[in-house]
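Quick look at what TrEMBL lists:
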- 31-50: transmembrane segment (TRANSMEM)
- 62-79: transmembrane segment (TRANSMEM)
- 91-111: transmembrane segment (TRANSMEM)
- 165-184: transmembrane segment (TRANSMEM)
- 204-225: transmembrane segment (TRANSMEM)
- 237-256: transmembrane segment (TRANSMEM)
- 374-394: transmembrane segment (TRANSMEM)
Amino acid sequence: MFLSSVGFTIVITSLWPYLQLIDVSADASFLGWVVAAYSLGQMIASPLFGLWSNHRPRKEPLVCSIIINLSANIYYAYAYLPTKDKKFHILMSRAFVGFGAGNVAVVRSYVAGATSLKERTSAMANMSACQHRVDDQGRQIRSINEISEDRVDISIVPEESIDQVAVLTSNILFFVVMFIFAVFETISTPLSMDMFAWTRKEAVLYNGIIICCIGFESILVFLVVKVASQRVGDRPVLLAGLAIIFCGFFILLPWGNHYPKIQWADLKNNSLLSRASEATGVSNSSFEPTGCPYEQTWCQYTPTIHLAQYLSSDILIGVGYPACNVMSYTLYSKILGPKPQGVYMGWLTASGSGARTLGPVFVSQVYTILGPRWAFSLICSMVVGAIILLSCLYHRLIAFSVRHGSIIE
């Protein structure tokens, strides 16, 4: 999980500059499709790898997915070599990388099967556990792969005994959480280049530093989440995380009388430099326009987002997202109970991948056409909807063992 996340973070911060560098025809809308391609591949692969892990040793889908991931990343690294349609090679390579990343469902189902109910929140946060399969009380039981004909595993739970409403609600909440973060990670580089007039190199460097800081912040959040969930429960932590995310996006709404720098001035200067270079024979190929592109008409009337707003939002989302993320699939795992969870975790991962497919496409279109005010207002509305849904079905999101009375909450 750690290595996969490191690889994803390295690419996501440099994807937009890389795309612009090798194919000038790529715009912000196409960036949305490229980011979405990763999640689309993951959405397709997750249920397949989850089903595979339920009936075969988990190392098989893990090894297969890692080989796919490795090959796809090599393809991405050399996507600049073809003479034409380079942006489509990037699109395809990211789709294959996402397909390889479908092993997340296998990892989560393993952790769910290797922990007791008491251990699960901590283990889901750490993504590490001992090799044994236990039920919700922590008693060791046999793996689904080791069941013989003369013994029925107690982990075989009838489908109808699982609260399907709670399962569906958990998938919806996880979809919202992943959709929101997909929007955030997709838009951060174009937004910073538009609002702060950063060059491609500066955007990669500064956003890389910001994401690194958010990563360390998330580690602290995971530690706090483990303690907080033991004291107040998983549902209040999830609710608090959604509220913090709402604040993070609300802060990003543009306000004030200052407007972003438009690339018109750079275009004029570039024209002058071109004339000068023709006269002197010196190339100006290193010149890079900065600021908000004039093609985005909202740049002319939408107030700028200040750096303080951007950093404050990063901090808040860096707190809210990891809390919501770990609580979403921890609750989901507890709702399912001791049943082998490969397929169900595959659907949860597919739900998240669907969100990460639609999120980048949504934000790239809305942001490019309407600007950040509309994009972030719609996100705030979506978070409010998730909070209302969680509040209405709060009583249904309980552990399987609690619902059936074998454990007192």
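Placement of Cβ uses the backbone N, Cα and C atoms for every residue, glycine included.
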Who are the long-range neighbours of the transmembrane segment (374-394) in its own chain, taking Cβ under 8 Å and residues 6 or more past its ends?
165-166, 169, 172-173, 176-177, 179-180, 183, 187, 235, 238-239, 242-243, 245-246, 249-250, 252-253, 363, 366-367
Name the range, of those listed as 31-50, 91-111, 165-184, 204-225, that has the largest tally of Cβ pairs under 8 Å with the transmembrane segment (237-256).
165-184
Surrounding residues of the transmembrane segment (91-111) on its own chain - C-beta under 8 Å, 6+ positions past either end:
1, 4, 8, 11, 33-35, 37-50, 52-54, 58, 61-62, 65-73, 75-76, 79, 120, 123-124, 127-129, 329, 333, 340-342, 344-346, 348-350, 353
Taking residues 6+ outside the transmembrane segment (165-184), which of them lie with a CB under 8 Å of any CB in it?
35, 39, 238, 242, 245, 249, 317, 321, 324-325, 328-329, 331-332, 335-336, 344, 347-348, 351-356, 358-360, 362-363, 375, 379, 382-383, 385-386, 389-390, 393, 396-398
